[in-house]
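Below is one structure; the comments refer to it alone.
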Amino acid sequence: MPQGGAAAREAAEPQDQGWAWMVLLAAMLLQGLTLGFPSCIGVFFTDLQHEFQASNSETSWFPSIMVAVLHGGGPLCSILVKRFGCRFAVMLGGLLSAVGMVSSSFCKSISQLYLTAGLITGLGSCFSFQAGVTALGYYFVRWRTLANAMASTGVSLGFTLWPLLSQYLLDEMGWRNTFLIFGGILLNSCVCGAIMRPVQLASGSPLQSPKRAEEPGRSAEGAQPSNGASSPHPKLQQQTRRSACFQMLQKYLAFDIFCQNKGYQIYTIGVTWMMMGFALPHVYLVPYAIQNGVEVHRAALLTSIIGFINIFIRPFTGLLSGHRVFTGRRIYLFSLAVLLCGLSNFICVISAEFSMLIIYCIILSIAMSGIGALTFQVLMDVVEMDRFSSALGLFTILESITLLIGPPLTGLLVDITSDFHYVFYNSSFFLISAALFMGLSFSALEKKNELKEASKVPLDNPSRYQYNEMSTEPQPESRSPPAVVYITSI
């Protein structure tokens, strides 16, 4: 951290202006490099199967691990950001992603890919993306909502460009050399991290400069006299450590909110169940099209179509959901998007012709835009903002579990039946059932709360049981840094 004259030269970074827009550009690129990257894995699915003589289930573990780690590593990223700052976390993530893909080009078995491309690259992408979004929150206060919406277009750009680039490189130089080149491309996350220099308040105290983390329990131990005669009893020390561990879990994984807040409980269960089927089309759409006679290049184009339409639909969906008409009703709009996503899968079951698959991609992209724009907005509606980051930690970990096991289980079913239609049957079942569960449960919860209000039965804490709107407007006068938020984009 700069001291003396250096500190004077490193004055407060202006928020919402100047360098903040460079940080926004870097965050947009980061989202394309990280969240957009798994969209291209389907292009390599058939080649990896032939190379390693692997089944559909074995091959699908590779993208599943990558996506699960990308979504579930939020609490670990939060600890890293608090201790070393956003810039360090982004650059470390870029380095890990590059190392993972370069190592993948030398893999001799599919299980080695699980470690290199799945775990290492997934963890690196998690660090880069989530620390980048956190840095964006430091640089923008007044325009934070707009900045996040603009940055999320990077995901759609990634969905559009990664599959096209992957297919071109795969045709020209094979999957091993392509993975090697991908390592170099993902290393650009380090450049994006370098742009995210620490922000400082006008008083000179850094908002995100690296600072030594105070480990839980350390202050309690430090308060004890250093004299050996008055040192605490070993049992007391053990209790202190247990208490510190419990506080850490409570801070990053809000089990108390899950048990007490019915709205959060319903929404978390619904989204976790939904994720069992949400990722299936992204993994299996390209192999399904190729198996049904669609040319390889045209099959890769299908994923790009989804991303291209998302570029335009996602911002519009975000603006629409912010209209006052949908205040308090966003959960129903979200459930409708999930339902549409599930119903669209039946198009693939009816026909695998390229023209029908394009129609499917258009409808799927519209539904995905609604899901991506509303997932975290609905979570903000059902959870108090002062506990949002910890509630999101548990939320992302639970959804990462179903993201991990969904594609391999479906791949096993395809291996047994030799029928790709089960991919879309499974996806429809999980999405439609999740949509109905969330919509009907919130409707019942709302009616229950209305009856309680009508009977004027006092509640000890109504916000714990009601689905209501929570204020998400940033407080520009607050001098404390914004909470580290693990945001994933769908």
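Just so it is clear, glycine is given a Cβ too, placed from its N, Cα and C backbone atoms.
Under the heading domain 'Major facilitator superfamily (MFS) profile', TrEMBL lists 20-451. The transmembrane segment feature in TrEMBL is assigned to 21-45, 61-81, 88-106, 112-139, 146-165, 177-196, 266-287, 299-319, 331-351, 357-379, 391-410, 422-445. TrEMBL lists 203-235 with the feature region 'Disordered'. The compositional bias 'Polar residues' annotation in TrEMBL covers 224-235.
Contact check: the transmembrane segment (422-445) against the transmembrane segment (112-139) gives fewer than three Cβ pairs closer than 8 Å, residues 6 or more apart, which falls short of the contact criterion. Summarising model confidence by region, the domain 'Major facilitator superfamily (MFS) profile' (20-451) averages a pLDDT of 83. Touching of the transmembrane segment (299-319) and the transmembrane segment (88-106) is ruled out by the presence of fewer than three CB pairs under 8 A, sequence neighbours closer than 6 excluded. Between the transmembrane segment (391-410) and the stretches 21-45, 88-106, 146-165, 266-287, 357-379, Cβ pairs under 8 Å are most numerous for 266-287.
Here the transmembrane segment (146-165) has Cβ contacts under 8 Å with residues 20, 24, 27-37, 39-40, 42-43, 133, 136, 139-140, 286, 300-301, 303-304, 306-308, 310-311, 314-315, 318, 372, 487, 489 of the same chain, all six or more residues outside its ends. 88-106 is the stretch from 21-45, 88-106, 112-139 with the greatest number of Cβ pairs below 8 Å to the transmembrane segment (177-196).
Of the ranges 21-45, 112-139, 266-287, the one with the most Cβ pairs under 8 Å to the transmembrane segment (88-106) is 112-139.
Proximity of distant same-chain residues to the transmembrane segment (112-139), defined by a Cβ-Cβ separation under 8 Å and at least 6 residues beyond the stretch ends, is recorded for 13, 15-16, 19-20, 23-24, 26-27, 30-31, 33-35, 37, 48, 61-74, 76-78, 80-81, 86-87, 89-90, 92-101, 103-104, 147-148, 151, 179, 186, 189, 192-193, 196, 199, 207-208, 481-482, 484-488.
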